[in-house]
Amino acid sequence: MKLTLWTYEGPPHVGAMRVATAMKGVHYVLHAPQGDTYADLLFTMIERRNHRPPVTFTTFQASDLGADTATLFKRAAQGAYDRFQPQAMIVGASCTAELIQDDPGGLASTLGLPCPVVPLDLPSYSRKENFGADETFLALTRALAQPCARTKEVSCNILGATALGFRHRDDVAEITSLLRQMGIAVNVAAPLDATPADLARLPAAHFNVLLYPETGESTARWLEKTHGQPFTKTIPIGAHATRDFIAEVAALAGVSAKVDETNLRQPWWSASVDSTYLTGKRVFIFGDATHAMAAARVARDEIGFEVVGLGCYNREFARPMRAAAKDYGLEALISDDYLEVEAAIIAAAPELILGTQMERHIAKRLGIACAVISAPVHVQDFPARYSPQMGFEGANVLFDTWIHPLVMGLEEHLLTMFREDFEFHDAAGPSHHGGKATPAPAQILEPTPDAATQMIEAAQALAHALHWLPDAEKELKKIPFFVRAKARRNTEKYAAEKGVTQITIETLYEAKAHYAR
Amino acid sequence: MSLDTPPTGCLHTPVLRERGQREVFCGLTGIIWLHRKMQDAFFLVVGSRTCAHLLQSAAGVMIFAEPRFGTAILEEKDLAGLADAHQELEREVERLLSRRPDIRQLFLVGSCPSEVIKLDLSRTAERLNARHGPSVRVYNYSGSGIETTFTQGEDACLAAMVPGLAETQDETLLVVGALPDVVEDQCLSLLTQMGIRNVSFLPSRRASDAPKVGENTRFILTQPFLADTAHALERRGAQRIVAPFPFGEEGTTDWLRAVAKRHGVMLETFDAVTAAPRARARKAVAAHAETLRGKTLFMFPDSQLEIPLARFLARECGMLPVEVGTPYLHRGLMEPELALLPQTVLSEGQDVDLQLDRHAALKPDLTVCGLGLANPLEAAGHATKWAIELVFTPVHFYEQAGDLAGLFSRPLRRRALLQGAAR
């Protein structure tokens, strides 16, 4: 038993729903009690889908348990086929139905439905949402894919995009257009917008482009083994990774790796002098492994941030994540406990958090800038505008969305110069975020304990042996809030290294000189 | 209905009972508002990852950064040995209580999986009470989907609290149902102005203000889904005051009048106290009724508020209900409401696909439904009001009557505003 306040992933049958809802012509009959239909709202509200997810919930009640839940399931499955006439059906159990062991797959097969029926076996008490999506996509592909000849022209499939994914819709569009520029046709993109008939002709492609290992890797591996289709390993998030991806695809397809980069603006936006102030900003990165690892590379190599924390919530990807973190001199944080993530963030004292909706809440509480880079998602992660994370346009989008939460470059200088200014002061926050603007507190040198100071105090508690003399403490408060945590941390680190226990103004400035870049 | 026939409403209307897929929440959802209402309470769901995910999704992905609810997620080893599961649960509770010393009331909430494996939470609650009482009170109830529908979770929670309420012989009035604090204050003020003393509320905001109950207690419900709580109070000897529910000017007046009668309040006093707010409520509702009058209304079953709200929308806003669905129909509590509700189709339970067929055929002007259906119906060209707002918004009593009508008129006004835009 594990006490959870918030979860990064839903149960595995929600993963199966993400696949069923992404596809067309599939229907999912889910043996489940009343209440499990809440999952519909994830798609209709958060993603604003204009159709109900293609899911029939059997809705058994306590009174059915002693009686005949099996017949209830069969009636629901038959009724769902008659009403929706799907090309293929998936059947399975939610967590409660798993306990009553009705065997949805066996029951459905007795109905002799005139369409393929794919049973799902998703262990609800040991696995989670991503596993459920990955497994469902694999089960459908295994059941439906037919051996067929390769297309005459070079083509590929795009694998892994689901409903409720982080920017999947736009990523698929962006990568499709990139592949088209390279002269490669997309045979099938799946699960998103694919039909069972499309899955049948997956083997016609020459190779596979795997965009989301969390939800598509098992299928990519199976297609490689069974149908001899190699798949891409590079996730094209960021300018560098997109170029690597192009090279990888070019090699697989035997085409030129020369792609027009006219619309890639991010490298210049990053190199232009206004961005100088981004240098070495401390960034903490957490999300699903794929997005987090890709974000770390962009953060360090394309924007010039310092990655001070890196981790993921999906344990299945712990190994590549640990290896990636080493490259940044970090120990990866593998955890699905958001309190643990919060503690790690406090200890790392970042200036920017790149995370999920969970980290957005942590950031809000701690008063740290934050941008969302990964699922779990909320309604604001489905913007109306075209907003991919992948490809060259994706690189542009990353620059904009990560920089937006920060104080602007010149504004930083004003804050540094005029710390007690009525307009540019700690509590005001970035000037382009209207909601935060507040009048300057009367006693600027003794700010009321806000989230930022609480964070600093927490960091201070970690450095238990050190003692800040009042003058040094006062001097520290003159440093603008967005670098104060870094200054405190550096000073304490410096003091600890020098064996100093009492921090004076001199220690502060010695540390500043020591760490000067 | 001809004008000279006395209205008998829907008292004798046959009810369409359906059994199939239900598009409603389970009783766990009530935790979302109960934990805000009871500020020293923690709700610990004993369930699966699905339960945790439901609470998080229904709460709009963590709008409350520091929740006073959580889920003890059952894992495979808990299913293997129940004895260990009890121990594990007690260990989790100990850890929770030591970390959150502000907790005075702890609710162990059963779920579908815990009910199916027959995890006995009452035993755990008993043991924990022996250890932590009286400073922490531990209750248990079931919010499982196999037993409870959406708002029934609040009923189960309040009913679980009743046996533990202190005994009193005083003449008291108990107002039952979780209300937003501002509404509770308004209610108390109206009752006080009528000279009614010894008013208390269930649930109270803090454990230390818990109401007392006894044979001289009269109680009245503010929510139509509190049948088990009413029975539990009656078992303690309290007497229920029968009334329609305090939605809209009429509902509020009838509700207050029923209380006033039982307390021997003079008619002049009653009129003096209610005249001004009644006029305000009528005026506020009238502004929205202009939009709503003559429009047809279809209500999918959701919060159990459907019948009282249909009554309000029909009688005070001039709407024409074409089907009023309710998760379950409790005639004992609903009688005064049914008598007032103009003739319409009543349905109980749900087969959502069949109901959607009826809905499509009727093409109502306004549809009230849950979050899973709202956008699909909106996209199909129907104006919808998502029902969950009705339990998350202050809607009871006079001063909220206009806001309540506004919840229904806004989708229609919005549609009119967006006319011509691409849909």
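Each Cβ is built from the backbone N, Cα and C atoms, and glycine gets one as well.
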Binding-site annotation, TrEMBL, [4Fe-4S] cluster: partner of B:Cys26, B:Cys51 in B:Cys112, B:Cys157: B:Cys112
Under 8 Å by Cβ from B:Cys112 ([4Fe-4S] cluster binding site), same chain, sequence gap 6 or more: B:Cys26, B:Gly47, B:Ser48, B:Cys51, B:Ser144, B:Gly145, B:Ile146
Binding-site residues listed as B:Cys26, B:Cys51, least Cβ neighbours within 10 Å: B:Cys26
Three-class DSSP secondary structure - B:Cys51 ([4Fe-4S] cluster binding site): helix
